[in-house]
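Per TrEMBL, the features are as follows:
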- 12-694: domain 'Myosin motor' (DOMAIN)
- G105, E106, S107, G108, A109, G110, K111, T112: ATP binding site (BINDING)
- 571-593: region 'Actin-binding' (REGION)
- 825-1005: domain 'TH1' (DOMAIN)
Amino acid sequence: MESALTARDRVGVQDFVLLENYNSEAAFIENLRRRFRENLIYTYIGSVLVSVNPYKELEIYSKPQMERYRGVSFYEISPHIYAVSDNTYRAMRTERKDQCILISGESGAGKTEASKKILLYYAVTCPTNDHMAALGDRLLQSNPVLEAFGNAKTLRNDNSSRFGKYMDVQFDFRGAPVGGHILNYLLEKSRVVHQNHGERNFHIFYQLLDGGEDDLLITLDLERNPQKYQYLVKGNCPRLSSVSDKNNWKVVMKALPVIGFTEEEKLLNIIASVLHLGNTQFGEGEEGETYITTETQIHHLSKLMGVDGSALGEALTHKKLTAKGEEMISPLSFEQALSARDALAKAVYGRTFTWLVEKINQSLALKDELYHSSKGSSVIGLLDIYGFEVLQHNSFEQFCINYCNEKLQQLFIELTLRSEQEEYETEGIAWETVQYFDNKIICDLIEEKHKGIISILDEECLRPGETCDVSFLEKLEDALGGHPHFVTHKLANGKTRRVMSREEFRLLHYAGEVNYNVNGFLDKNNDSLNRNLKEVMCQSDNQILQHCFRREEVIDQKRPEMAATQFKNSLMKLMEILMSKEPSYVRCIKPNDAKQPGRFDEVLVRHQVKYLGLMENLRVRRAGFAYRRRFEAFLQRYKPLCPETWPNWHGRLSDGVSTLVSHLGYKPEEYKLGRSKIFIRFPKTLFTTEDALEAKKPEIVIVIQSGWRGMKARRRAKRRRQAAELIRRFIKGFIYRHEEYCPENEYFLDHVRYSFLKNLRQNLPKSVLDKNWPTPPPLVAEASEHLRRMHMRNMTLKYCRRVQPEWKKQMMQKVEASKIFKDQKDSYPQSVGRLFLDSRLVMYRENTQHLRRFSHCFTLGNDKVQYGVSVIKYDRRGFKPRPRQLLLTNTFAVLVDRTKIKQRMDYSAMRGISVSSLSDGVFVVHMPSEDNKQKGDVVLHCSHVIELVTKLAMMANKVSYVNISPGSIRFAVARGKEGIIDFVRGSELKVAKGKRGHLLVVSQRLY
């Protein structure tokens, strides 16, 4: 911050505390004007941030800007909303105490934008994962939804928040956002049924009509023209040049699913029903009875709200009274029917808005299944609430808003003084009593039990008999007539009477005088809905309305709290929440009413400075010392001004600061040294010090430049000497390269080794099939060979670990097939690229059915069939071919003819397997002829002979028993008798009985 003091004459000071004439409101506003003119919209009052709405986009909110403020001391760089955000976040992390940021200001001053910037900063800079990123999206996407349902165009602001909002963002022990919760205050429900000229209803109505699809509007029985609806024409402002309702509708519809919303249809039905309620008209009969003239609207309402149309029409024109335990139905007058209709519209919209906030809270809630305990979590609260309001016509809403601001001002002064006092006590500085205006007297005037304005208002609403707003005013005059902060036309002097109406009372707030017109106070405070209207709404089929209008509400005879009391109680709870947290403040100011960039209206700004209590805040902050810094920061900045502290101070920090200020000539009354900070009373002392530093900088620059240039020259000379020595050693090593390792060649040989290893690292083989290897120099040939073998083993091991079990089995079988048949049988090369299957029977539907039938009909003990294939068996006598299926188990093989076992061959009894060296598929399984069970040798033919013989030999564990004969195979026919199979090459495969009773197999030539 101190670095900007040199430009203070042009851009003002970054902290109002440094204003020399801090009691001057003109000096305060002039500083604001200077900074605003330079697009410096942020200024501090100590730790309070003052923000002026620029009404234009500034390039100060990018991600690099966020990183610039991340983790940086609060006063280290220029004021910014990100500095407040980061300082609050770091305080939460380091002190493990909940924090809150209070944002206040007039409508249009930029409060909502400030809260968006803070949420965006946390969403971008905090630690995150997929769940937390989704939570960040929900936090950000809740804003357009709340703005659509809770914001409206007013005379002062095209996007004015018409409700107060307090949001808690919950962080886990790592500082990542894990949950959130929103509290809403005092939605301006009266806007639903009435708007001042030049203002609009809530945004959602216009967005629905302008952006909704044609089919949706037909379903809701709506037309696009807002002028068709009574609740939208009173302000005579259906369109805004600065706002696109169609685009905003798309944003809202896109945001609803993000926050977990799946009931758009039911919600839009309610919004449409409010518009239809406004178009419900009444007539008055000859005897004064009221009836509905627009039955079409009742039909629409019945469909959209899911209620009985006739019951709704009855409830809008009659009310239910209870007297001496008996219920009576009384007709409503024309005015009462209009009031009942408007009351229902306000109740439906207000309760739906509360339900919507609850729905958003469910999507933001901390998920217990992800975070089993919230003990390690901390909270940062954001309060975006209406500022002090003084309009031409001030009513019940302004009364509640200004009461809220009185409570916040009381809290602000109390917490500011407390934090100041705590800092002084921590640093061991004597605390000086600060004189300030205590607005407790005004808060008591409004909220005191039995005596305050709210209590008198409730009492008048509950009083039996005829009550009216004027009787409420008379009661106020009787009860509060002598109060110094309360005035009415009757109690005022002649001068004041001329500017006050007889229906007004005036409160002298901390920020100034405000006249309130009592018309409508009782009705708005009652905020009541006829019982029979509640009964109709309780029976709605719409789930949202069922939630908003509980049946218990009709059954319960207890009268609900009045609106002002409800607001007071919720405000008390808010004060408790804020008191439990460490606060930070953002005060927002609008520079002009025309929303024009670059225009600074001094009268308007002065008005806001007064109502925000900024001068009072500055006076409290300046009551003691204007400037304070930690010893290390102060000494680091100003140490060039003292020879004893420059360039470095090696003693205690407090001694260094004391030496420095003594050299600068500080007087005892100008400063105090605390335990870790220096306190300077007058800004002029700091300015003098800063000016001295500016004057000293050219001298410091020369010293630094000469030192830097000398260091660079020394480094350059050192590098040259090192390079010359290196070249000398390299040349000498090259000369002695063939000698044994010695000091003369050690560097060169090490370089050769290093170069080879570096080259090897970049050119290592990537697969087991890659046999390339860099050629090593003779010096490392042996080591290179060891490395090659190690690398190959390592790649082989990695490859084997990646091989799946089924592929491992396949490879083992292929390896065995290679051992048996490679270079031995002509058909082997064609089998290499074909996979060995677990069964070949599935390829033949008929055989599969036989196998399934076989499995049902026969039991093979505990053995499971591991392989099956179709074969042709040749009789030993006559060589008649017979189709069979050969099934292999773990201990034996069987020949099957459909479902009948023809021959069983035990592996233990098997003597060998013979095949030819040609390309045919004939093979002989040699079995003992002495054993009647085995039936002797078996002559078979199979199209997959390589696969079958390999599997059979492996299962029987008799790979070495496979015999490959080039010309003929002998086999046992019976005891003592032999048969012969002759193999010859021919043009095509042929198996037939040959000469001398031999079996002739003609194998096809393979080219």
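Keep in mind that glycine also has a Cβ here, set from the backbone N, Cα and C atoms.
Other than G105, E106, S107, G108, A109, G110, K111, T112, the residues of this chain whose Cβ falls within 8 Å of the Cβ centroid of the ATP site are, in sequence order, N53, N157, S160, G387, C588, K590. The residues of the region 'Actin-binding' (571-593), classed with DSSP into helix (H, G, I), strand (E, B) and coil, number 9 helix, 8 strand, 6 coil. In sequence order, S51, N53, G387, C588, I589, K590, Q608 constitute the residues six or more apart from A109 (ATP binding site) in its chain with CB-CB distances below 8 Å. Long-range neighbours of T112 (ATP binding site) (same chain, six or more residues apart, CB within less than 8 Å of its CB): N143, E147, N151, N159, S161, D384.
Around S107 (ATP binding site), the C-beta neighbours below 8 angstroms that are at least 6 residues distant in the chain are T154, R156, N157, S160, S161, Y386, G387, E389. A simple way to gauge crowding: the CB of K111 (ATP binding site) has 27 other CB atoms within 10 angstroms, across all the protein chains here.
Of all Cβ atoms in the protein chains displayed, 25 besides its own lie within 10 Å of the Cβ of E106 (ATP binding site). Along the region 'Actin-binding' (571-593), the predicted structure has mean pLDDT 88.
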